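As given in TrEMBL:
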- 6-31: transmembrane segment (TRANSMEM)
- 22-295: domain 'G-protein coupled receptors family 1 profile' (DOMAIN)
- 43-69: transmembrane segment (TRANSMEM)
- 81-102: transmembrane segment (TRANSMEM)
- 123-147: transmembrane segment (TRANSMEM)
- 170-196: transmembrane segment (TRANSMEM)
- 244-264: transmembrane segment (TRANSMEM)
- 330-351: region 'Disordered' (REGION)
- 330-345: compositional bias 'Low complexity' (COMPBIAS)
């Protein structure tokens, strides 16, 4: 194992650790918080987390072993199973991201009719489609024996060496696979999130107009307060752009190098550097590690649940919990007073 393989091995090991830890935290938060489970996007996030976890314990370790031993990890049957999971889980996770973008588009563009447009039944049907879509491509590739150990990517995946006899059929299959997964998801992400950004900017402009009118009326307002309001306007406009850029940018950055390499491999007869092949595969794996932060852990509900669970494990009482207990006690005291008054009122009337 040379220095490049050692660096790649350390990179894959780090991705495995971060992916397992972050996705496990998302799963724990989902199981612990009933409010998250009630929300429709929670089903899509759960499916995405399941795919990422399974990818972290099946495909990534095989790539790590392949880099360390510089050889074929396991037998042919084992590698075909891992290759089946590679195609299925990658396709399923991409389509889950597309479903999440459609859900957010409906929530922002049609807020009043969102509950009727996106119900749990609709989410289950969408997830059913993602599973059927992913299974179709995975089963075809496995039944045609087109999956195996690919030295260029040091992983068990679609292998051009095993499909030499297929020729045109394998080329059509590979192009269709990436067109109906990567390209389709990218188009859905761009269309939905750009529409969300358009609506968000429209609302920001309305808020900015109201803020400026208020500042004009408040003649005696301190200059620092006025500047603080203007800075908040600027941050509000930038926040929406950053979120949309993160959703689309991470998808393109992580998956496009691998997909482009697979397409170039079909039509280019020249050799491709194995270092680039392994790097593109590592970038695709890194999406499983970044998804929990992009879609879940940076949201308020997940951060609040994680903070509560961390304090519970460390046997610390968070301030939110203590204040919540005080509010409950105050509510109980008010209820007791109201009950006492309601009991005493008829007695006074009788007297």
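Glycine is treated like the rest: Cβ placed from N, Cα and C.
Caution: TrEMBL annotation is automatic and unverified by curators.
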Dominant neighbour of the transmembrane segment (43-69) in 6-31, 81-102, 170-196, by Cβ pairs under 8 Å: 6-31
Cβ-Cβ under 8 Å with the transmembrane segment (81-102): same-chain residues at least 6 beyond its ends: 41, 44-45, 47-48, 51-52, 54-55, 58-59, 62, 74, 123, 126-127, 129-131, 133-135, 137-139, 141-142, 147-148, 155-159, 177, 181-182, 184-185, 188-189, 192-193, 247, 251, 255, 284, 287-288, 291, 295
Overall pLDDT of the domain 'G-protein coupled receptors family 1 profile' (22-295), taken as the mean: 87
